[in-house]
Each structure stands twice: as C-alpha cells, then as structure tokens.
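This report concerns only the one structure given below.
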Amino acid sequence: MPKTCDVVVLLSGTGSNLQALIDSTRTGDSSVRIAAVISNRADAYGLQRARDAGIDTRALDHKAFEGREAFDAALIELIDAFNPKLVVLAGFMRILSAGFVRHYQGRLLNIHPSLLPKHKGLHTHERALEAGDTEHGCSVHFVTEELDGGPLVVQAVIPVELQDSPQSLAQRVHVQEHLIYPMAVRWFAEGRLALGEQGALLDGQLLAASGHLIRN
Ligand code: GAR
C-alpha cells in the first residue's frame, strides 16, 4: 500500500478544480486522500461535489467573525482537526492573513488563472485580453504572504486567439487548470515537491522562476 497524503481543500465556488482532483484520486495508485473540503460559503457547489464523492465537508461563514484574524484562527482549527499534510486552495476567494499563511508554510498550494507574475488578483482573462497578451494560462504556486506571489510550481501556457473573449479564454484555461493542479498535488503527495529556501523544489532540484512549464 502506498503511503497516503491527507489533503484539505478550501473553496468558495463551483469546485471544478476540486472535481479534477477527486477524479485524479480514483486511479487506484493515488497517494492523495482528500480528508475534507471546507468552504466559507455554505451554498458553494463544490461542497455538493465533495458530498457526492463521500468526502467530509464543513462550512465556515466568514461574515460570522469580527475580522480576518478571527476567521482565519477558526479556519485553522477546523482544518487542523483533519491533520492534513497539504492544504489546497481551489478557488478560495479570501485574502489570507499572514498568520494563516505562516501556519501552513510549505504545505499550502494555490491555483491562479494567469501566468503569474502577470495579472495577480481578479478578472485575469479580461485583463490578458486588454493587455493584448499573445499567451495566457494558469499557475500553481506555494502560498506566501505576498498575494498571488509565492514560488511557482507549474504553469500551463495557451495561445490567445484573435477571436477570444474572456469566456472562451476562461474555458480553455480551466481545461489546463484541471490538468496541472492534480499533477502538482500528486507531486507533493509523493514527496517529490517541496518548498526550499530559494523556491520550489521538484525531485530536489530548484525549479525555474516560472515553475515547470507546459506549452500548448
Ligand atoms: C479557478 O479558475 C481558479 O484559478 C480561480 O478560481 C477559479 C475556481 O474555479 N482562483 C483564483 O482566482 C484565486 N486567485 P472552480 O471553483 O471551478 O475550481
């Protein structure tokens, strides 16, 4: 039996990245076990996907707390009850406090729908088009205190077509997200991926600043 890596997934929305992760764990040889899915929104469709897959779920409403630190402290307590080796942000639309990020240093991954460091924050597909970018994509990175700024693990690059709209770009980027996020999580679970002093390490080698690059 391979050793399993317990993962807690945090999300706020539809959870298509969670679904990709769930699907990737069904191969039989997966070392990833999703111990729980937690959302700040009780009505997030991602929670339903988790329930459908027989995964424990929790909802923690940020509006019930006075301030970010108080919410993050309660969230840490909830997450740590599952004792995960890795915490995966999959469309968790909250800015995390420095204390939260430090607590999970080296075991907190995020996916962002742009080729970081380009287009941090929201509305990334619109902004890529407005900027006239010829390439766009998505990034998986370790989370540090800098918003959307931690060491990159993997990026998938797609060409921007003349006729692209924000919606068509989002759709193609999503396809790539669903490939690279399960891959990065698997690397971590297998002990191949770690956060070193200088950046992300894959198989003990420092990754390039862009992370592992996949061109389409
Ligand atoms: C994904 O596109 C993810 O990259 C983005 O939210 C979406 C969630 O989709 N995350 C961020 O923008 C974080 N800054 P999903 O709920 O279908 O997985």
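Sequential numbering from 1, following the chain as shown.
Glycine too: its Cβ is placed from the backbone N, Cα and C atoms.
Features reported for this protein in TrEMBL:
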type	residues	note
ACT_SITE	HIS112	active site, proton donor
BINDING	GLY15, SER16, ASN17	N(1)-(5-phospho-beta-D-ribosyl)glycinamide binding site
BINDING	ARG68, MET93, ARG94, ILE95, LEU96, ASN110	(6R)-10-formyltetrahydrofolate binding site
DOMAIN	7-185	domain 'Formyl transferase N-terminal'
SITE	ASP148	site 'Raises pKa of active site His'
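Proximity to HIS112 (active site, proton donor), defined by a C-alpha to C-alpha distance within 10 angstroms, is shown by the following recorded positions from GLY15, ARG68, ILE95, LEU96, ASP148: ASP148. Screening the recorded positions SER16, ARG68, ARG94, LEU96, HIS112 for a C-beta under 6 A from any atom of ligand 1 leaves SER16, HIS112. Taking Cβ-Cβ distances under 8 Å and a sequence gap of 6 or more within the same chain, the neighbours of GLY15 (N(1)-(5-phospho-beta-D-ribosyl)glycinamide binding site) are VAL37, ALA44, TYR45, GLY46, LEU47, ARG49, ALA50, ALA90, GLY91. The Cβ of LEU96 ((6R)-10-formyltetrahydrofolate binding site) lies under 8 Å from the Cβ of ASP72, VAL143, each of which sits 6+ residues away along the same chain. Looking at the domain 'Formyl transferase N-terminal' (7-185) alone, the prediction's average pLDDT is 97. Cβ packing within 10 Å was compared across the binding-site residues SER16, ASN17, ASN110, and the lowest neighbour count falls to SER16.
Candidates SER16, ASN17, ASP148 (recorded positions) were compared with ASN110 ((6R)-10-formyltetrahydrofolate binding site); those inside 10 Å Cα-Cα are ASP148. In terms of local Cβ density within 10 Å, MET93 ranks first among the binding-site residues MET93, ILE95. Residue pair MET93 ((6R)-10-formyltetrahydrofolate binding site) / ASP148 (site 'Raises pKa of active site His') shows a Cα separation of 12 Å. For the N(1)-(5-phospho-beta-D-ribosyl)glycinamide site, the Cβ centre of GLY15, SER16, ASN17 serves as reference, and the other residues of the chain with Cβ at most 8 Å from it are LEU11, GLY13, THR14, LEU18, GLN19, ALA20, LEU21, GLY46, ARG49, ALA90, GLY91, HIS178.
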